[in-house]
Every structure is written in C-alpha cells, then in structure tokens.
C-alpha cells in the first residue's frame, strides 16, 4: 500500500517515545500489569478448579450452567473490542455524530436473535452453530459454513490483536510486537486451560475495566474544557452535531438508513449466527436465561456507544481550545484518542494506565472469545464427525491444543493487520464481507423450507464472491487513486495527514467528481455489505433450489424451520384469520400445523401419522427431532 493512502499507524520516533514514556509512570505500569495478572488469575482459577474432572462440555460450553448476568456482559465485551474504543471517538471527532445513529440498529439487531435464532439453536441442543446446517441441509454445507467462519475470525482477530498494542506503543514507547506477543500469550494461556467458563468470567472483569477507563477520560476531559454542556455547544457551533441524514443513496458512507437498517444486518451477522456469541447463548442454563442475556445487552450497548461518542465530542472541544501539535496532526486517525488521553491525563498517575488497561480489556475479551469459538467449531465440525472414537481425555487435550494453536495463528495475522487502513472500518468491513454470506446461509435455511443443499452451497459461494468482488475492488480503486477517497468511500478512510482530511471533509459534494461505472459500484457504503451479501446468498440459493427440485423427496427436520407465514398470519385479527381458513383446534390462535385446510405448513404436507408421532415425542425441537419427507414443495 502506498504511503499516501495508508492509514496504518506510524511508529513513534525516538524523541516521541521519550515524551510518551515520561507520561506513563510507575503507577500506570502497575495498573496495566494488574489487568494482565488478574485476567490470568481468573482463567487459571477456573482451569485448576476441578482439574482432572473436566470434560469437553466444560471446556467448550461451561457445562451449560451459566447465568444471565455473566453471559450478558460477556456478549457485550466480545462486541466492544479495542477496535471500537479507538475507532468510534475518532469517527465522531472527524465527521460528527452521524455514527451515533448506529444505536437505532441495536433494537432489531438483538430482538430478532432473541426470538428467532436463540430458540431454534437452543432447542436443537447444539454445541456449534454450524451443526444446524447439517441438520437442515447436509454435512457438506456444515463444513462450508465452518471453514468460512474460521477464515472470518482469524482475519478479524489480527485487527483486534494489533490495535491495543498500537496503543501501548504510542503511549509508552513499549515495543509494538513485544506487546502483541504479551497479549497473545496471556490470552492463550487462560483460554486454552480454563475454557469457556474462564473466558466468560474474565469478560465480566474486563467489561468493568472498560467502563472505568472510558468514564475516566470523559470526566477528566469534560472538566478541562468546561463541562459537557460547553462540549455540546462547541460541537454544535462547528457543525459536529449531525441531524438525520435521510439520503437513500446506498453509496453515501453514513446515512440514517445505512446506520439504522444496514447496521441491523451487521448486528445479525454478529449476534445472530456468529459462533462466538451463539456459544454464549447455548452455555446458559435455560433458554429463558439465554433470551434475557440478549435483552440485557441492549441498554449496555447503548451506554457504551454513548460513552464512545462523548469521548469523540470532548476530544473535539479540547482541540478547538488546545490545537494539536504537528506530530498529532500527522498521526493516523485511530491514534487521535491515544494522544488525547496523553494530553488530558498527564499528571494524574494511574489514569493513563487505566485507559491502556481499558484497551487491552477490550482486546482480551474479543480474542479469547474467538480462540475458544474457533477451537469449538474445529473440534465439533471438522474432527469429531470424522473421528468419533476419541476418548474424553484425548478430546480435552486436543481442544486445548486447538485453542492455543489458533492463538499462534492470530499472532501472525496481527502483522498483516498492521498494513490495513482505518482500524474501525477495516474490521467492520471484514465482518460484513464474510459475516454477511454466513447470515444469508442461515436465513436461507430457517425461513425457506424449499431451499436445498445445492442451493445453499451455490448461494454461499455466490455471496462470498460478491463480497470479495466489492471489497477487493474498493481497495484497488482506493490504492490506484491519486487523491483522497471520497466520504462515500469504502473500506479505507482518508489519508493520515489531518490537513488533507479536514480539507476533504469540508469540501462540498459537488467539488469531488462522483465515481461512475464499476467505481460507483465499489463505493457502496461498508454498512450495507452484510445486507447486500446476505441477500445475494438468499436470492441465488432460492433460484438454484427451485431449479434443482427443492426439498422434494429429501428429509427435513421441522425443528430447523422458523414458520414465518404462520407467525405473520397469527398477528392478523381473528376475522381475517377465519377468512384465510386459519382456524385453531384448541385456542383462538392458529398453530403451525392448522393454518391451511390441506394441513400444509410452509409447503410441507403433513398427515395424521406425522402429527401423532410428534405429539408422542416431546423432543420435536431437540437434536433428535423426527424427520419427515416433503411430498410437495412451494414458496
């Protein structure tokens, strides 16, 4: 990548390092080291507690006995990585509060998983989310989904592992790659030895550290500039308080529609079908606890987003009164927060260390979740189906080895991440590019009973090809351009020089020539990646399924289908239901099997024997659910 286009953070010079090191006192080092030691201690406590009596279920699923509170905080910590802590305030500082509208997507982004994905996964008694794909389609689709997830998470972990080490380098002058190794090794030890239970409880501790670190920056920073009221006034005077941008153009980088609705698909790809999150739902002691943990994440996420945006506004107000130095103005956008922390927290021993601990907490929580989930899917989807004769002791050793092995692999990916562009947008784009097709694959299986295995595989491949076509095309277009990419742009942000950034930001849309042809296509807002790619999977998958005969003659597990049409019809007034021949034999609410006079459910022809067998078998929604053969298939 050319120097003019790269937003990778430059390493500090020798003189810069000495300034940064003098800001980081002995107390700050103590606070930072305490974070690592306590995280390691929590992990080792759960690792050695009951040593010799652990099972694979304990390591991978915490014995399915976790409560609502720790699962909720762990879900939050996995999402709130150091990437967001660094990226969101920088986004607000540079472009204003438009990004804040992303909070509108959290409602549907968590409500849909709570009422659709969690019940289906939990009742099927899964360990890996990709077991669902075998139950719904076949083993080949399961393997394709697993391999895609592994690719997604390994790349994303490189970004997350690199970000806090970059922070430590900027604040203390500590060697960048030594900090990467320290973070990776500490996380590897407690994740591999302690399993999911250790990961969840360290997430709880690290979430509290993240809250404290961000809160300290807001309180001290706002106090130095005259309070939050003054911060808001300054931001308003300089046009940083954004209104609702209702431009429907999907090529505009941030609008209300891309944030509030495009963000829903991004949230679903993370909280609906991502193994790192699904594994936490399934570790809950009951289905109700899993749903409640998903509900509890919503207010916590809103609070975290609010705090990150406030840091960005406080930073903007501070630098209006105290202009940046030349070094700061030429830094990468994702380093703005770090220099801001140096400026406002110097002279307050312990607080700079607290904020760096905050960044490392975000990273530790995210990569530990990834290591554990990667080990789980590899064990459950790629090893056990082919080697079922593994004894329990050998399976435990292999599970721990896999977690540690993925940690080593992610260390290598961190080096590649150092050459990526803007940290926040690069990470989200990776999730959109790969997470979107996976979301589409699960939606294809759950909502369309006619979808078959060939349609699922071809649809997934089409979604991935489309995702990387847009993503790679966007990168190549940005690199080949001799000017800064427009704000409608794609994966990478603006150049590292703040002067150029400011000029480009203030330019009117008519000043910049709008891209045409394929370049216009490549400028699709990164927030629409998940929506576009998941839709591609569904459209192509349905087309191929219909052309290949649908599910006619193939066994179908009813527990893998979400009855969309019956649920929608049940919301209609009773008079409308009767007109549509939707009567219930028990209550005045239609059941899934009684919505059609022919006893058809979503294209499935039921007979009385099927219903009697399901009535006798209370595990109709468990992993051993009875199957039946479709005699007729339709949309």
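One is the number of the first residue shown, and numbering goes on along the chain from there.
Using N, Cα and C of the backbone, Cβ positions are placed for all residues, glycine too.
Because TrEMBL annotations are produced automatically, they should be read as predictions rather than curated entries.
Taking TrEMBL as the reference, the stretch among 255-273, 274-292, 331-349 described by the feature transmembrane segment is residues 255-273. The stretches the transmembrane segment (255-273) and the transmembrane segment (100-122) are in mutual contact, each linked to the other by at least three Cβ pairs under 8 Å (pairs 6 or more apart in sequence).
The transmembrane segment (68-88) and the transmembrane segment (395-417) are not in contact, since fewer than 3 Cβ pairs between them lie under 8 Å (pairs 6 or more apart in sequence). A Cβ distance under 8 Å defines the sequence-distant neighbours of the transmembrane segment (395-417), meaning residues of its chain 6+ beyond its ends; these are 54-56, 59-60, 154-155, 157-159, 161-162, 165, 177, 180-181, 184-185, 187-188, 191-193, 195, 367, 370-372, 374-376, 378-379, 383-384, 426.
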